[in-house]
Amino acid sequence: MIKNYFITAWRNIIRQKSFSAINIFGLAMGLACCLILMAFVRQELSYDHFHTNSNRIFRVAQRVDGNQNWAWTGGAVAPMMVKEFDQVESAVRIHRISTYLRPADGPNQKESFREEKFTFADEGFFEVFDFPLLSGTTTGVLDDPFQILLTESMAKKYFGKEDPIGKSLISTGDFEFVVKGVLKDLPSNTHLDFDFITSLNSFKATESYPLTAEFGSFWWPFCYTYVKLKDASEVDFINQGTMEASKKARSEEEAKKYVPFLQPITDIHLDNSYQSELSPSTPKSTVYIFLSIGIFILILACINFINLSTARAIKRMKEIGIRKVTGAKKSQLVLQFFTESFLVNVFAMVLALVLVEILLPVFSGLLQQEIPFNLFADRQVWLFLLITLAVSTFLSGFFPALYLSGLKPNLILKGTTFQSNKSALRQSLVVLQFVMSGILVFCATVAYFQQSYMRKADLGFDRENIISISMGEVSRLNRESLTNAYKQFSFVENVLGSSARPGIDAGWGPQFSYEGQNPNDQNWINQQYIDFNYFETIGVELVAGREFSPEFNDKGDAFKMREMFPAVRNGGFIINESLAKLMGLSPEESLGKPIEVFTEENGQRFLDFHGNVIGVVKDYQTSDLRFQIFPTVYMPVQNDHFDASSHLLVKINTDDIPQVAATLSSKWKEFNPSIPFEFSVLEDSLIKQYDRETRLSNLLGLFALLTLLISSLGLLGLSIFMAEGRRKEIGIRKVMGASPLSIVHQLTKDFLKPVIIAIVLALPIGFYIMVTWLEQFANKVQMQVGFFVLTAAVAILIAWLTIAIQSWRAATDNPVDSLKSE
């Protein structure tokens, strides 16, 4: 008996090829997209959960002035946490730098590589975190200096197939690190991103100046601090006591200004409100948006399936009547319809899994991150598929199985179809589909224009034809020689040393005081070091005063560090308009005013700069557009003792970047043969910093189009059903002289009404969602009427084309065939 049900179901599927194909493909696409998005969401939500005691591991962050969250702390916070709180089992500090490395021996010993993930850590690191060891040992490695662990991929990079244990790596400054162990490559779902790890004692041994600021300060941005609690339930008690604990080691004012608090390690990746994270985070709102998209797409696919199944079932009323007349029981008819629904669902799921295998690598490539998906080992995926199979089978088989099988045979055979109420239901489902699609299209439209705005916005400076060269550990004398050599090339307009790249690096934030300020106020600003004629070269307007210039001996006025050098000289400062406004002065009034830039804790100043304002520049975007323009002070980049150049900015007058890079690289090697030449085009770097937003915007657009496609598949199926149900009417209209265009208009207008209603409902919902989303950007695109018009036009056009194509086919059929069939 069961076999007969499946044979009959198979025959009905084959007989209705168009409906079956639309049903299976639409449901498969919806399932595949939902599975991929669920895999992405699950990956994002799984960050740092793999540690054995992840619920007891917390990062110590700082809340500054009650409204800023800092991911890093001073080096003194970890010892304080252990000393003041018995609930803390252990505390670990992490400090990451970039450096150049080369193997001590072998064929590549003269080739250095820049490594951005070189990490120092306390000895308790592996007591807190779980990172599997492949070979060697972790015991004692983080106790003594100049012992190192590296990941498997780094071991292959530097030592190939050789055993790296016992071999050495040479860092900048010719410090030798002995390899003691190889770690398995870090999983993709951790924010602790490192390739090398050595003891914090190594950092102390490699630095030639006193480390009071780094290890003696509570707030100085030096390290990331983590604690492992004996009991996770104690977190609230500790958070309530951190201010009082810090008062024991610092002034009450500072303890109130910088308040340590515990953040669960599993929350770090989903919170983008912290400054200076170790690795990029994904806002929780973004994760939830993609989760919602996955659910939307699955619901759309199921609505399609249900809609088309009920439409097809109504067309089979006479079949049901004949079956009942010939003795079929209601239970047999119910089982038959559920069998057909089950079979179509199974085919759709098999196709969906094939699509996942094909599309998941594409999706991972677009996001540039690994998204694990293991069908055979993942119970959650199987549970999801089984639940979806059961629900979809029940809903799509419910109407024909229980409603139609209960109708009286005489009514069915007389042609009474009872379609009016069911037609209203299908119209409502079409509205729901296009509401969801319209919301996603509007969101994708706004997201696209936002990322486009960030990539192309006027930043207030000339961003074209500037090459940025990473200076790394290039000496002051070599920098001067290289600068002079570069200036000899005809294609070079100017060469600038700078601590930051405009539009990318905001600088760091010391304290600031000025004449006449309230003594109780504490101001924080950004600080950058720049070269002579910097603003003229990058096209920033000087609104008052002058730039730094050798004519005024500004080089001699460059900064002094009290810890390094015996004296602090007065020097000249340039400020931006925002800083002048902070002082309550116009640009002209700011000139000559004395200011101080410093860092201070418990009355001790670690860095101390004094000087007068010599110039005021027009505000321009110093960091990326996620952040507002911050009050900024500019200081000379170099003096007789120190060079703060992190980057060399080369302004050129040609577009031939490959030739320019080759020429600059050749000259670089003459002065720095052991340091790799690393450059970037400033314009490209400015765009690249928004790559993640661009990728997410593209994905949002892709899934928005998919929702429209799935919704349109449903319309296509319903239009086919409608056209077949009205073949006689269409034939009569044509015989009476109606043109194909008039018939198309008549057939399409009924379907476009629910689409238009849906768009009207979708637009305000999408508007609210995107206004909320845009709040995370300091600089954002303005909502425009065009966004609404574009969304409506795309949705209505796709829906109209879908219906019109099928309607045209029906309108151009031979009316004789239509009337004959009746």
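Every residue, even glycine, has its Cβ placed from backbone N, Cα and C.
What TrEMBL annotates here:
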type	residues	note
DOMAIN	575-602	domain 'PAS'
TRANSMEM	21-41	transmembrane segment
TRANSMEM	287-308	transmembrane segment
TRANSMEM	342-363	transmembrane segment
TRANSMEM	383-407	transmembrane segment
TRANSMEM	428-449	transmembrane segment
TRANSMEM	699-723	transmembrane segment
TRANSMEM	755-774	transmembrane segment
TRANSMEM	786-805	transmembrane segment
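Sequence-remote contacts of a segment are chain residues at least 6 beyond its ends whose Cβ falls under 8 Å from one of its Cβ atoms, and for the transmembrane segment (786-805) they are 434, 437-438, 441-442, 445-446, 449, 708, 711-712, 715-716, 719, 744, 747-748, 751-752, 755-756, 758-759, 762-763, 766-767.
Touching of the transmembrane segment (342-363) and the transmembrane segment (21-41) is concluded from the presence of at least three CB pairs under 8 A, sequence neighbours closer than 6 excluded.
When each of 21-41, 428-449, 755-774 is scored by its Cβ pairs under 8 Å to the transmembrane segment (287-308), the top-ranked stretch turns out to be 21-41.
Long-range neighbours of the domain 'PAS' (575-602) within the same chain, counting only residues 6 or more positions beyond its ends whose Cβ lies under 8 Å from a Cβ of the stretch, are 74, 213, 217-220, 250-251, 254, 510-517, 523, 525, 527, 543-545, 608-620, 629-635.
Only residues 6 or more beyond the boundaries of the transmembrane segment (755-774), in the same chain, are considered here, and those with a CB under 8 A from a CB of the stretch are 285, 289, 430-443, 446-447, 450, 715, 780-781, 783, 788, 791-792, 795-796, 799. Only residues 6 or more beyond the boundaries of the transmembrane segment (428-449), in the same chain, are considered here, and those with a CB under 8 A from a CB of the stretch are 289, 293, 296, 299-300, 303-304, 306-307, 693, 696-697, 700-701, 703-705, 707-708, 710-711, 714-715, 718, 751, 754-755, 757-759, 761-763, 765-767, 769-770, 773-774, 781, 783, 787-788, 790-792, 794-795, 799. Note: the domain 'PAS' (575-602) comprises 10 helix, 10 strand, 8 coil (DSSP; helix = H, G, I, strand = E, B).
For the domain 'PAS' (575-602), the mean pLDDT of the prediction comes to 87.
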